[in-house]
Amino acid sequence: MLRPSTQRYSVTRPLYSEDAFEDEHAKVYRKHKTFLHHVIQYFTCTSERAKNTAISLLPIIGWMKTYSFKEWLLNDILSGVSTGLVAVLQGLAFSLLASIPTWYGLYAAFFPVIMYFFLGTSRHISVGSFPVLSLMVGAVVTRLVPDEGLPANITAFEGLTKEEQRVLVSASLTFLVGLFQLGMGLLQVGFIVMYLSDTLISGFTTAAAVHILISQLKFVLGLTVPGFSGPLSIIYTLESVFTQITSTNIHDLVTSIVVMVMVLGVKEINDRFKSKLKVPIPIEIIMTVIACGVSYAFNFSENHGVDVVGKIPNTFESPIAPSLQVFQMAAVDAFPIAIVGFAVAFAVAKVYSVKHDYVIDGNQELIAFGASNIFGGAFKSLAASTALSRSAVQESTGGKTQVAGLLSAIIVLVVILGIGFLLEPLPKSVLGAVVIVNLKGMLMQVVTVPYLWKKDRPDCIVWVGTCLAAIFLGLDIGLAVGLGLELLTVVFRAQFPHCSVLANISGTDIYRDRKDYVNIYEPEGVKIFRIPSPIFFANIDFFRDKLKDAVGFNPLRILRKRNKAVKKMKKLLKKGELTLTSNGLQATCSMPIEESEDESNMEDLDKPTDYSDLPIQVNWNAELPANIQVPPVNIHSLVLDFSVVSFLDISALKGLKAAIKEFIRINVDVYIVGCDPYIIEKLRNCKFFDDEIKTSIFFLTIHDAMLFINESHPPKTVITSIINLIPSCK
């Protein structure tokens with residue numbers, strides 16, 4: 001904590017308006033490049049640029065040159081073996097979410113990893129299946145190939161079994177997801193992930209965890225539940241589960257409970273003693289081995305009706321061409337899958353890049369995952385991203401580079417080609433239990449809701465809205481709803497900012513909200529108004545309304561009243577009912593003269609007041625003759641603090657110009673302070689300045705403007721305690 005400083009500083013400099021500052025300090029005008037110049041530069045090829053492009057597209061070239069075999073290789077080997085074993089188990093488990101045979105989940109731990117090894121920029125994430133993505137793929141699979149009823153009318157389905165049809169849908173969807181990601185990467189739109197806030201992702205993944213939990217109940221309970229997709233699918237699934245609850249397979253239920261209790265307990269030990277454990281206890285793998293042994297010894301499948309993994313082919317299947325009809329039917333679903341997969345992977349990669357001090361490239365990550373999913377989709381793989389738990393294993397066991405990822409893929413290869421048969425008696429309830437245990441982190445995100453409600457309610461609304469929409473309407477619609485809510489909160493914050501009236505901290509050149517401090521005063525006859533946001537088409541009316549509230553009157557109404565009064569006085573002078581005396585204009589009769597309410601020519605009333613035929617200057621704050629009533633104006637200057645205004649659009653520019661002219665026409669001087677030079681340049685280019693609005697209204701700081709105002713309008717009351725600063729007023 002910083003101590004309050006006892007030091008003081010004193011600055012002596014001229015009073016600067018923007019014009020005066022530019023006159024004294026020459027501005028450097030840079031020539032802006034045209035769009036054609038950027039296009040030519042983009043397509044210009046040099047040897048240096050070709051080299052950089054090659055390194056950018058193949059990051060392996062960069063980090064392999066610095067690879068330390070002595071220091072890193074052993075760590076990568078240990079990490080690769082550990083990660084590979086976890087990847088095998090999670091691949092089998094997450095394939096259940098996609099409603100496809102379990103061994104295809106192993107393909108997601110092999111083919112995408114190979115491609116990412118060459119193209120990825122993260123050295124620590126473990127590429128492969130991710131439960132949320134698997135669930136989103138499963139929603140499309142069950143929609144096009146439902147458990148009950150006929151599949152979608154797709155030519156490529158002819159002659160295929162239901163399982164083969166589902167694999168075709170999954171592979172084609174994965175291929176399409178890869179095309180979307182690759183296209184976005186080539187178009188350099190990696191920044192798109194910035195529109196997915198941490199709050200939105202948290203709410204979305206929590207909802208996905210709820211979906212995953214519900215979808216695994218049929219495996220944990222040993223029930224046959226048809227797959228549902230679309231809005232309210234979670235309700236239909238729960239209804240089906242509870243109507244069959246009496247048919248629960250006790251062996252599946254007991255096995256699942258034992259696995260979940262053991263895995264949760266040991267994971268807690270791993271977390272608590274992670275500083276002392278060199279390698280986390282691989283409890284999931286241990287329980288899987290035990291479950292396989294027990295299931296095989298007691299023949300769970302035949303004797304107790306337990307659903308097991310079953311036959312795992314000891315070879316890779318031939319690659320297939322994706323179905324264009326699946327592309328057409330699943331394009332709307334593929335895009336959010338591509339975005340979510342990239343967003344999750346990028347978020348995890350960013351965590352480790354910061355921790356280990358290296359740079360990741362969002363656009364290159366899109367290209368890497370796009371190519372990985374295209375390659376994997378051709379070989380019937382699931383859509384790939386990363387999983388935080390698996391990546392944590394790869395990093396915590398000493399992994400230094402993607403060499404660990406490559407070795408994990410080799411472990412998966414050994415399982416597929418050599419020892420996969422050992423996993424055939426594994427109960428699916430064990431896989432379901434492993435999936436549920438891995439949901440703990442995502443489900444526990446719900447504890448952030450009370451914190452968000454206290455600290456940032458718009459963010460809380462985004463979290464809750466995204467979560468509920470994703471739970472009840474489906475993940476794809478939920479993501480769209482979340483993005484809509486997020487956009488609305490941004491618009492809401494910008495459209496309705498907390499505007500404030502500033503006042504001077506006594507004895508300083510500091511200006512703060514007048515409501516927040518005790519030793520603060522408002523300068524006499526001056527209002528200082530701050531709007532803390534950009535000004536654009538959506539908030540310009542709000543800005544003008546708040547400005548009227550701050551000054552306490554409507555300048556346009558005052559102007560119209562004054563113009564009516566001047567017209568009335570001119571008319572009475574012509575009739576001889578007003579005479580010029582030493583005290584000003586006086587009515588010759590005491591009869592009250594009613595003010596005309598003729599509003600037929602409103603445009604004339606909005607123009608500057610014409611005093612040409614009046615013999616004297618009218619004092620609008622004094623009593624007017626002939627019972628003419630015009631509201632008084634209690635300020636002579638208005639200061640607009642634009643120090644936090646980052647941009648103006650054309651609509652706002654027109655509205656601002658109209659508002660300033662309204663004040664100028666009722667003899668209120670307007671000054672704009674702290675305005676960005678680029679905004680001033682834009683105002684010049686857009687013909688903002690004219691005979692009424694001059695560039696001289698712009699000042700560098702509030703204090704510059706206040707010193708200038710005090711020279712023009714000396715205050716009536718002077719506080720001598722403020723030395724060399726603005727005199728204070730009552």
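Here the Cβ of each residue, glycine as well, is placed from N, Cα and C on the backbone.
Note: TrEMBL annotation is automatic and uncurated.
Predicted-model confidence for the domain 'STAS' (516-709) is 84, expressed as mean pLDDT. Taken from TrEMBL, the feature domain 'STAS' covers 516-709.
According to TrEMBL, the feature transmembrane segment maps to 77-96 (among others).
Look at TrEMBL and you will find 103-119 (among others) tagged as transmembrane segment.
Annotation comment: TrEMBL describes 125-146 (among others) as transmembrane segment.
Positions annotated as transmembrane segment by TrEMBL: 167-186 (among others).
Among residues of the same chain six or more beyond the transmembrane segment (250-267), those with a C-beta under 8 A of the stretch's C-beta atoms are 219-222, 281, 283-284, 287, 291, 300, 304-307, 427, 429-430, 432-434, 436-437, 440. Taken from TrEMBL, the feature transmembrane segment applies to 250-267 (among others).
Same-chain residues lying 6 or more positions outside the transmembrane segment (279-298) and placing a CB less than 8 Å from one of its CB atoms are 78, 82, 85-86, 89, 255, 259, 262-263, 266-267, 269-270, 304, 306, 308, 393, 396-397, 422-423, 425-427, 430, 434, 437. TrEMBL lists 279-298 (among others) with the feature transmembrane segment.
If you look up TrEMBL, you'll see 326-349 (among others) marked as transmembrane segment.
If one looks beyond the transmembrane segment (403-423) by at least 6 residues along the same chain, the residues whose Cβ comes under 8 Å of a Cβ in the stretch are 67, 72-73, 75-77, 79-81, 83-85, 87-88, 91-92, 103, 106-107, 109-110, 113-114, 116-117, 125-127, 288, 292, 309, 312-316, 394. Residues or ranges marked as transmembrane segment by TrEMBL: 403-423 (among others).
The transmembrane segment annotation in TrEMBL covers 429-453 (among others).
Non-local neighbours of the transmembrane segment (460-485) in the same chain are 132, 135-136, 139, 195-197, 199-200, 202-204, 206-208, 210-211, 229-235, 332-333, 336, 339-340, 448-449, 452-453; each lies 6+ residues outside the stretch with a CB under 8 Å from one of its CB atoms. Residues or ranges marked as transmembrane segment in TrEMBL: 460-485 (among others).
Looking at 103-119, 125-146, 429-453, the range that has the most CB pairs within less than 8 A of the transmembrane segment (167-186) turns out to be 125-146.
Below 8 A, the CB atoms of the transmembrane segment (77-96) and the transmembrane segment (125-146) form 3+ pairs separated by six or more positions in the chain. Outside the transmembrane segment (326-349), and at least 6 residues removed from its termini, the chain residues within Cβ reach (under 8 Å) are 121-122, 124-125, 127, 130, 132-133, 136-137, 139-140, 144, 152, 154, 156, 168-169, 172-173, 176-178, 180-181, 184, 190, 192-193, 196, 201, 204-205, 360, 362, 365-366, 369, 373, 383-386, 388, 391, 475-476, 479-480.
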